[in-house]
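Okay, structure first, notes after.
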Amino acid sequence: MYDNKCLEEEEVYKLWGNTTTTTLLTNNTVQLGPPSCPYVDYNDDIFQATVISQWDLVCEREHLQTLFVLAFTLGSVFSSIFGGDLSDRFGRKTVICVSALIMLPTTIASTFTTSFSLLLFLRFLFGATTGITYIAVYTLIVEVFPPQYRSVAQCSCLSYGFAIIAMGGVGYLLTAWRPLMLSFCVPAVLLIPPAFMMSRSPRWLVRRGRGREAAEVLRKAAKLNRVNSSQPILQSVLTKLGEVTETKQHEVVSQSGEVMECLRNPAMRTILLFTPCIGFSLQGLWLGTAFSANSFTSTNPQLYILCIGVSQTLGNGLAIALCRSVNRRVLLGVGFLLVAFLLLIILTVSQGLWGVRWCLVMASHVIVAACYETSVLYTVELMPTFFRSRGGCYVQLFYLIGEGFMTLLAYVLTKQVGWWSVNVTLGVLAVLGSLSVIPLPETRNRPLPETLHDITKRSAREKKIPEVC
């Protein structure tokens, strides 16, 4: 249904009789293509104008279609490699503000560019700023919430599900790629005011030796929450923060080898080894279940996006509800096993019972979405303050690797073996994810670690305290 047809002049005459090619070109029935494909009949059943038709990405230029998608992914990889260091070095707020200011002109330029090469660069830039902002925002939210309310930080992820649903509707209304691209300006504009209005992370400020600024942020928070800042305990904390001087900041900035220190710490090595396994497994499962959902809605992209958006929102809501009362490790471990069980059940259901199969696929996607958001929160909670953003971006890199792995493997397995082999692979990923949770410590209702010493103490305490929900 989505194929664009390359036509020779003889084929044009066969299809449209005596109608001249000039007339067909004038009314856009066919369009001029690259040298090897003189005329192209672009499919416009759903979208009237696409990037493919704009730059004739067919025949010998067909490989450029992949570059359009890959540009955003490469931007995300860039953010995973460098974004965490920028956030830990310059602050969460600074990174968010700069990214927000870059996103808006990037989106506008993408809408009106006439150069495909420039469009690829802008897609790369948009992917980089999006990835950097995601980790920085999540880190900032987690760092300012008290332990008992930290799971509320996941409410910010509900916007992701709502955005997917909204894009399904926008894609239905806007059938040309330029107006659709321009619609991305809306979230970019909405991001700018709160980015500049929010306060810096007090934890990051203390880590950088800016204790007075951290104390001022806490005074402002106390005032907004109608807490008397003159209370003895709070006043004592604010006084101690004010004593953290700029001298400490110089010492922190001049530190080197923080990554090597993390690698030398046994407890931190465990975290850096197993959190990527969780991320790799989850992204593969998310993409795999999304591919399975697409098999039921492949003729209607808007319906497919709507289904994914609804399941993502339900999964996020489920994660918010459960994270307040269930330990992160239990939630992730059980979630992975439930997904593996559902994927096994799907293999036993007859192809004719498509309704049952669809429900099982969507249920597994909801659980994966819940585990996904829980894992992001869990990863940020596991990392010490000085390494928190870098640790989050490090794990995010393995999410992207899992995405590429699953995309390639699903294509190969479907062609060479059969659809059932994809489900088996997803089941193995689910079991791998469940096993990866076991060596990690619990973080629910626990204080965030500031240093590697805190990481070591938490690990020692976990070995003495039995796990309870």
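Glycine is treated like the rest: Cβ placed from N, Cα and C.
Annotation source TrEMBL lists domain 'Major facilitator superfamily (MFS) profile' at 1-445.
What TrEMBL lists as transmembrane segment is 64-83 (among others).
Positions annotated as transmembrane segment by TrEMBL: 95-118 (among others).
Sequence annotations record features per position, and here TrEMBL assigns transmembrane segment to 124-145 (among others).
Counting same-chain residues at least six beyond the ends of the transmembrane segment (157-174), those with a Cβ under 8 angstroms from any Cβ of the stretch are 180, 183, 187, 301-303, 305-306, 308-310, 312-317, 319-320, 369, 373, 376. Feature annotation from TrEMBL assigns transmembrane segment to 157-174 (among others).
Here TrEMBL flags 180-198 (among others) as transmembrane segment.
Marked as transmembrane segment by TrEMBL: 270-291 (among others).
Positions annotated as transmembrane segment by TrEMBL: 303-323 (among others). Residues 151-152, 154-155, 157-158, 160-169, 171, 290, 293-294, 297, 331, 362, 365-374, 377, 444 of the same chain lie 6 or more positions beyond the ends of the transmembrane segment (303-323) yet place their CB under 8 Å from a CB of it.
The transmembrane segment annotation in TrEMBL covers 330-349 (among others). Within the chain carrying the transmembrane segment (330-349), a Cβ under 8 angstroms from the stretch's Cβ atoms is held by residues 278, 281, 285, 289, 292, 319, 322-323, 356-357, 360-361, 363-364, 367-368, 370-371, 374-375, 378, 420, 423-424, 426-427, 430-431, 433-434, 437-438, 467, 469, all 6 or more beyond its ends.
Beyond the transmembrane segment (355-380), the same-chain residues lying 6 or more positions past its ends with a Cβ under 8 Å from any Cβ of the stretch are 138-139, 142, 150-151, 153-154, 157, 161, 275, 278-279, 282-283, 285-286, 289-290, 292-293, 296, 307-308, 311-312, 314-316, 318-320, 322-323, 328, 331-332, 335-336, 338-339, 342-343, 345-346, 349, 388, 391-392, 395, 433, 440, 443. Marked as transmembrane segment by TrEMBL: 355-380 (among others).
Feature annotation from TrEMBL assigns transmembrane segment to 392-413 (among others). If you look at the transmembrane segment (392-413), the same-chain residues 6 or more away from its ends with a CB under 8 A from one of its CBs are 73, 76-77, 79-81, 83-85, 87, 131, 134-135, 138-139, 272, 275-284, 287-288, 291, 376, 379-380, 383, 421-422, 425.
Per TrEMBL, transmembrane segment is recorded for 419-438 (among others).
On the 0 to 100 pLDDT scale, the model's mean across the domain 'Major facilitator superfamily (MFS) profile' (1-445) is 80.
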